[in-house]
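Swiss-Prot annotations:
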TRANSMEM  8-28  transmembrane segment
TRANSMEM  45-65  transmembrane segment
TRANSMEM  85-105  transmembrane segment
TRANSMEM  139-161  transmembrane segment
TRANSMEM  170-190  transmembrane segment
TRANSMEM  209-229  transmembrane segment
TRANSMEM  236-256  transmembrane segment
TRANSMEM  258-278  transmembrane segment
TRANSMEM  292-312  transmembrane segment
TRANSMEM  336-356  transmembrane segment
Amino acid sequence: MPPRVVRLPSLTGLRWFAALAVFACHIAQQQFFADQQVGTALLHITTLGSIAVSVFFLLSGFVLAWSARDKDSVTTFWRRRFAKIYPLHLVTFLIAGVIIFSLAEPTLPGGSVWDGLVPDLLLVQSWLPEPTIIAGFNTPSWSLSCEFAFYLTFPLWYRLVRKIPVRRLWWCAAGIAAAVICVPFVTSQFPASAETAPGMPLNELWFACWLPPVRMLEFVLGIVMALILRTGVWRGPGVVSSALLLAAAYGVTQVVPPMFTIAACSIVPAALLITALANADVQGLRTGLRSAVLVRLGEWSFAFYLVHFMVIRYGHRLMGGELGYARQWSTASAGALALAMLAVAIVAGGLLHTVVENPCMRLLGRRRPVATAPDPATDEAPKLTRA
């Protein structure tokens, strides 16, 4: 079993690229490229956002299980998890509220943004099958609703997974991955409902993408993969092979029905890549993701993730003048605008990480142990015994 104190900086670097993929997805969806061919081509990268979110959920389970210490208490773990995500969520929630109040507009056709005020504030929006509530004040925060459920149940899942015989961990991982792959087959049997996106009926999308218990499958798979590595039974492919498999999975998302792009296509290669990167860090092998710049960006990525959509959406409206969201630009100008938005989001993320995220972690998560795997959203040792 590798020492649990081994840091996993490659996973921090990976988190940055996942956050960048979500940014690219939202840039493509904003549609401010006047050239329709370019705009249509960019829509092909939107599935990267789904892959990235799945990577986030896998990473959460993996990092918490990797850094778990039996002597720590459940209540302290919950307090530290709260300190990690909620203050930053609250600050970005308030920022979004000020902007939306000033604009006085719905976030989606057919509903008011104010419908999601309380669910978004309490991080329960993903439990409700209503797009105007899930989009809420700050659209990306829907994933925090899932993460909140993950953190509440992690001590139980970790305890259960540790009871699985080591020789059966791979079978357990295969079973969970198979369950994720089966989700779109299950949703295809749901009664018809209005489409929120082409090929994505609301009821199916809510169940497969937003509902926390379903996305928890990915989180639990991350826990299992961490224990596979910790117990020394990892025999999977290397980093390059796993990355190529994930790239191939992205290619598959271009030809399968949309519901399969949420997690079914990418779950296996994403889980393999995360574990391969962690194994490379343990073995001291090069991964290309451990540079100081990538690690720093990875540390900022949680704040970047929460602020980037506001920069894109309301930046579009601000730059659009009288045309607002309908304004489009030439390919060169739109590309420059996208890069400027990326720069603003990075700076804003770094600032929020420095003045909100870190201070709140120090204030509310005192006496926390040194992070064993620097994951910007889940980077300290969990608590596993009853306080």
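Positions of Cβ are set from backbone N, Cα and C atoms, glycine also.
Small disclaimer: the values here were computed from a predicted structure and weren't measured.
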Positions on the same chain near the transmembrane segment (45-65), where near means CB under 8 A and six or more residues out: 8, 11, 14-15, 17-19, 21-22, 24-26, 28-29, 143, 146-147, 150, 154, 157-158, 161, 209, 215, 218-227, 230, 246, 249-250, 253-254, 261-263, 265-267, 270-271, 274-275, 278, 373, 375, 377-379, 382
Whether the transmembrane segment (336-356) meets the transmembrane segment (85-105): three or more C-beta pairs under 8 angstroms: yes
Contact call for the transmembrane segment (170-190) against the transmembrane segment (258-278), three or more Cβ pairs under 8 Å: yes
Residues of the parent chain within Cβ reach of the transmembrane segment (85-105), under 8 Å, 6 or more residues beyond its termini: 113, 117, 120-121, 123, 137-138, 141, 144, 147-148, 151, 302-303, 306-307, 310, 314, 317, 352, 356-357, 360, 364, 377
Same-chain residues at least 6 beyond the ends of the transmembrane segment (8-28) whose Cβ lies under 8 Å from its Cβ atoms: 39, 42-43, 45-53, 55-56, 59, 62-63, 66, 140, 273-274, 277-278, 280-282, 287-291, 294-295, 297-302, 304-305, 308-309, 312-313, 338, 341-342, 345, 372-377
Folded-back contacts onto the transmembrane segment (292-312), same chain, C-beta under 8 angstroms, at least six residues removed: 9, 11-16, 18-19, 22-23, 26-27, 30, 85, 88-89, 92, 95-96, 99, 138-141, 144, 341, 344-346, 348-353, 356-357, 374-377
